[in-house]
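Copied over from Swiss-Prot:
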- 48-354: domain 'AB hydrolase-1' (DOMAIN)
- Ser153: active site, nucleophile (ACT_SITE)
- Arg223, Asp351: substrate binding site (BINDING)
- Asp317: active site (ACT_SITE)
- His350: active site (ACT_SITE)
- 377-434: domain 'CBS 1' (DOMAIN)
- 438-490: domain 'CBS 2' (DOMAIN)
Amino acid sequence: MTYKKSLGNVSTKYYKMKEDLQLDTGNILETPTIAYETYGKLNNEKSNVILVCHALTGDAHAAGWHDGDKKPGWWNIIIGPGKPLDTNRYFIICSNVLGSCKGTTGPCDINPKTNKPYGLDFPIITINDMVKAQKKLLDYLDINHLYAVVGGSMGGMQVLQWTITYPDMVRNAIMIASGAYSTPQQIAFNAVQRRSIIEDPNWKGGKYYEEGVSPEQGLSVARMIAHITYLSNESMYEKFGRKLQDKNKFSYDFSTEFQVESYLEHQGSTFTKKFDANSYLYLTKALDYFEVRKNTSLEEALKPVKSRILIMSITSDWLYTHEHMEEIVMALRANNVEVSYSRLNSEYGHDAFLIENGQMNYIISNFLSKARVKDVMSHTTLTLDYTADIKEAAELMMNCNKTHIPIVDDGKEIVGIITAWDLSKAIATDANSIDDIMTKNVLTCTEYDSLHKVIRKMKEHNISGLPVIDKNHKVIGSITTAHISNLYEK
């Protein structure tokens with residue numbers, strides 16, 4: 001079957017760590033497994049990687065179709081050919097979070113120490129633990145930098161944690177409908193949901209796996225409560241109003257009468273068939289514990305952040321309000337972080353980031369299109385001292401397979417550049433020193449220049465690369481057409 005603007009059939013992969021994972025609580029999780037999917041092609045420079053982080057009950061299946069699917073991955077409106085997370089340009093990775101039940105190790109999996117499901121023997125995990133597990137996956141895939149990390153809701157928390165825990169890895173970050181910490185109201189909603197599960201007689205202290213039962217009633221109620229927080233009053237009015245379900249007058253009893261009641265019951269019932277109750281307990285607890293401030297100011301907590309960031313709130317989201325997200329924006333700006341802020345106009349509430357493809361497409365595409373040199377450049381480059389002789393330059397080019405080398409002075413400032421053509425000229429003119437043949441008016445760029453500007457400069461001067469310099473004219477890297485071709489060529 002062909003799916004327009006879709007990836008077609010995809011499959012989930014699994015990575016079992018060879019080492020144990022140290023958790024924030026001090027506990028150890030023995031060689032966990034990470035479920036993940038990838039879309040698109042990794043370029044030679046490995047500079048086009050985007051990590052997508054899912055929300056509370058999501059999974060690694062973010063886009064495309066699995067055999068037998070009735071609908072595609074949960075963010076198929078955003079990921080795929082020609083979409084904001086364009087698989088013709090980017091290599092997309094999405095992994096299931098630690099503690100879930102969708103392929104990554106969680107409480108429903110077998111504890112190697114007992115050969116029984118973990119249940120409540122599974123250790124408490126945090127958002128940072130999820131991020132550390134994702135980092136282990138990237139290490140396994142030999143990926144050292146992320147062009148971007150993107151996520152909404154709990155996925156947005158992971159995005160923010162990435163920029164703090166691994167600031168040198170992340171070039172761009174997109175945080176949608178999320179927060180820097182869980183509010184008392186959010187914790188309260190989670191507490192009531194967990195209580196509904198724990199009070200279900202079939203929960204059995206978390207050991208229901210061995211009993212062949214499941215706390216479906218408690219999990220269903222928990223999902224119903226959560227779903228209310230994902231919607232807005234406006235969307236409920238538009239979708240349901242006060243319309244009755246399969247009747248035209250009140251029954252004056254305690255049966256299901258309103259359409260909105262029936263809808264919530266359906267959401268709760270179907271959810272119990274595809275999610276584990278203990279995983280729900282652990283993941284909502286991870287939400288509660290999330291707090292980047294850790295007894296300091298938000299501004300101070302965000303000091304490590306180096307990436308360019310897009311913060312996106314939703315006008316009708318009362319779970320993660322725009323005030324909460326604007327607090328993050330102000331703290332980042334106080335730290336001189338390059339931050340963009342957009343408000344998604346929608347009546348769909350918190351879940352709008354999974355629905356509003358039009359606005360989402362524009363905002364995300366616009367942000368990612370403003371890539372800078374530092375997003376794709378090589379941070380290691382060969383240089384040659386200006387006192388070196390022509391033979392040294394020729395040997396360096398030949399041994400390292402380079403066609404041009406920046407020339408630097410004693411202070412490592414760039415003073416020229418020598419190319420393979422210059423070496424040919426040296427032979428023809430019988431030149432004796434690099435100073436005789438090097439180009440002294442060197443074309444350069446900075447790490448903050450836009451890629452569009454660099455591309456124009458390369459085309460105008462018919463060159464394939466530029467040295468990247470800092471404010472003191474010291475060479476800090478290089479950028480070539482190979483670095484950027486996968487982002488700008490179809």
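For all residues, glycine too, the Cβ spot is worked out from N, Cα and C.
In this structure, the CA atom of His350 (active site) is 5 Å away from the CA atom of Asp317 (active site). According to DSSP, the secondary structure content of the domain 'CBS 2' (438-490) in residues is 19 helix, 15 strand, 19 coil. In this structure, the CA atom of Asp317 (active site) is 11 Å away from the CA atom of the residue listed as 'active site, nucleophile'. Sequence-distant contacts of Asp351 (substrate binding site), defined as residues of its own chain at least six apart whose C-beta falls under 8 angstroms from its C-beta, comprise Tyr230, Leu231. Around the Cβ of Ser153 (active site, nucleophile), the same chain contributes Ala55, Leu56, Ile176, Ala177, Ser178, Tyr320, His350, Phe353, each under 8 angstroms and 6 or more positions distant in sequence.
Of all Cβ atoms in the protein chains displayed, 23 besides its own lie within 10 Å of the Cβ of Arg223 (substrate binding site). Mean pLDDT for the domain 'CBS 1' (377-434) in this predicted model: 84. According to DSSP, the residue listed as 'active site, nucleophile' is assigned to coil rather than to any helix or strand.
The Cβ neighbour count for Asp317 (active site), using a 10 Å radius and every protein chain shown, is 28.
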